[in-house]
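Trainee: Before I ask anything, let me first share the structure, which is written out below as structure tokens.
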Amino acid sequence: MDSQDSGVARPVLEGPDIARVLTRIAHEIVERAKGAEDVVLLGIPTRGVFLGQRLAAKLEEITGRKIPVGSLDITMYRDDLRMHPPRALARTDIPGDGIDGRLVVLVDDVLFSGRTIRAALDALNDIGRPRAVQLAVLVDRGHRELPIRADYVGKNLPTSLRETVKVQLAEEDGRDAVLLGAKPTAPAGER
Amino acid sequence: MMRHLISAADLTRDDAVLILDTAEEMARVADRPIKKLPALRGRTVVNLFFEDSTRTRISFEAAEKRLSADVINFAAKGSSVSKGESLKDTAQTLEAMGVDAVVIRHGASGAPYRLATSGWIDASVINAGDGTHQHPTQALLDAFTMRRRLVGRDAGLGQDLAGKNVTIVGDILHSRVARSNVDLLHTLGAEVTLVAPPTLVPVGVEHWPCEVSYDLDRVLPKSDAVMMLRVQRERMNAAFFPTEREYSRRYGLDGDRMAKMPEHAIVMHPGPMVRGMEITAEVADSDRCTVVEQVANGVSIRMAVLYLLLGGNEPAVTHTRTEEK
């Protein structure tokens, strides 16, 4: 966590909460997808990828089958691409059998404006034609700017725009937590 | 860095590694059913080629199209240039059409630099080879090929070429590929040895960051990559060596010589190859020869360069890499 807001950031979910939430989402996916036979999980870098992998592991426990999991980089599909210097690209890794005719579940850490998900839908369009696309997020903090909603939500977290939501995962940050903090004076943008 | 890519010497180590890493992601697009990314939608790129080139032009064109840029091809032959138009007027014409980037190949060393710094145009300038000066995207694709083969596709991410021994053999004097490679490979931490007949080694080479040798057989056993250059007959206006056979016997790469290289070492060639001259068919067709791979990698590298120079509101290739998320 950055030094500037570490003083005020307070955890709203801790490690065990996140594990429970992911277990619940996994069960919901199995229930909604009637066995998750054709599910493909695609995490959105960076932290969505780790959440996707964790969800896949839980789904495998429940169904006893291997669940294809990959990552979908949305950098070049962002609507603010032209407003910043080019960003370093992350990995797009589509599981071997592709996504045609399958149920793609996008996985991300925080759902905020919805612009990331719009970009992800565009990116999917260039890769194949899924039977359906669903969205799983760890935290929904509101403030949508596009008509997008999540199918599976770990925690609904009503926030003000002056607050920041930061997800930490062991794979990237060394520990699991969702932190709610106050935004430093200048708005830092989405996520 | 800058808005332009004029010389491989302008790139810092971090710039170069960022370009190679980006190219690695771009390469994965080639495996998709729809080989297209939206990054340069609405940007216009002109390929301004004053010198003949097949593979470089096609490679740039493929890269531009895969990134959804609008592409205009301008070959000097049969154009206003053959009627006597100057570089300045050509450039201003392009500027008036609102191009965002100019990919230029020119027979005169320094033409891209002039285009970029003269104030004639606002567009980004990418050097696709100028005279005997520089060919930076070739050096980048060569470094990319080496990193993939010698370090590994995924293992190479974020890595440079520290400690690798690269030998460049042939017509160094006329070669912009050699100059660019020496600069970039040095930046990336590799040790470069140039091997050529004394007449084909440029004056001032002692100031280059590399070694020079006249004995290919002595250098081969400690080389991780051997890059063979074409003898550029079109630029030869003096007798640089007695006969082609003698050149080929002393500086050509054949099967026996290749056997002296370490097991893992690769043979590279920027193309076009002259079989029987600097390289035998046996070597050119072997698994260790990366010529075809280099062509494929060229598209990925050029996509990376175009994306990093044109993809945002300002070039990403700077010393301060922006790391978001």
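Each residue, glycine too, has its Cβ placed from N, Cα and C.
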Trainee: Kindly point out which candidate in B:R28, B:R105, B:R233, B:R235 is recorded by TrEMBL as part of the carbamoyl phosphate site with B:R55, B:T56, B:H135, B:Q138, B:G271, B:P272.
Mentor: B:R105
Trainee: Any idea which of the binding-site residues B:G271, B:P272 has the thinnest Cβ neighbourhood at 10 Å?
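Mentor: Each of the binding-site residues B:G271, B:P272 was scored by Cβ atoms within 10 Å; lowest is B:P272.
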Trainee: Considering only the binding-site residues B:K83, B:R176, B:R230, which residue has the minimal Cα-Cα separation from B:R105 (carbamoyl phosphate binding site)?
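Mentor: Closest by Cα distance to B:R105 (carbamoyl phosphate binding site) among the binding-site residues B:K83, B:R176, B:R230: B:R176.
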Trainee: At the Cα level, what's the spacing in Å between B:R55 (carbamoyl phosphate binding site) and B:K83 (L-aspartate binding site), rounded?
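Mentor: Spelling it out, the Cα of B:R55 (carbamoyl phosphate binding site) and the Cα of B:K83 (L-aspartate binding site) are 26 Å apart.
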Trainee: Starting from each candidate's C-beta and looking 10 angstroms out, tell me which of the binding-site residues B:T56, B:Q138 has the most other C-beta atoms.
Mentor: B:Q138
Trainee: Out of B:K83, B:R176, B:R230, give those binding-site residues positioned within 10 angstroms of B:P272 (carbamoyl phosphate binding site), comparing C-alpha atoms, in sequence order.
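Mentor: Correct set: B:R230.
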Trainee: Which binding-site residues (B:K83, B:R176, B:R230) fall within 10 Å of B:H135 (carbamoyl phosphate binding site) by Cα distance?
Mentor: B:R176
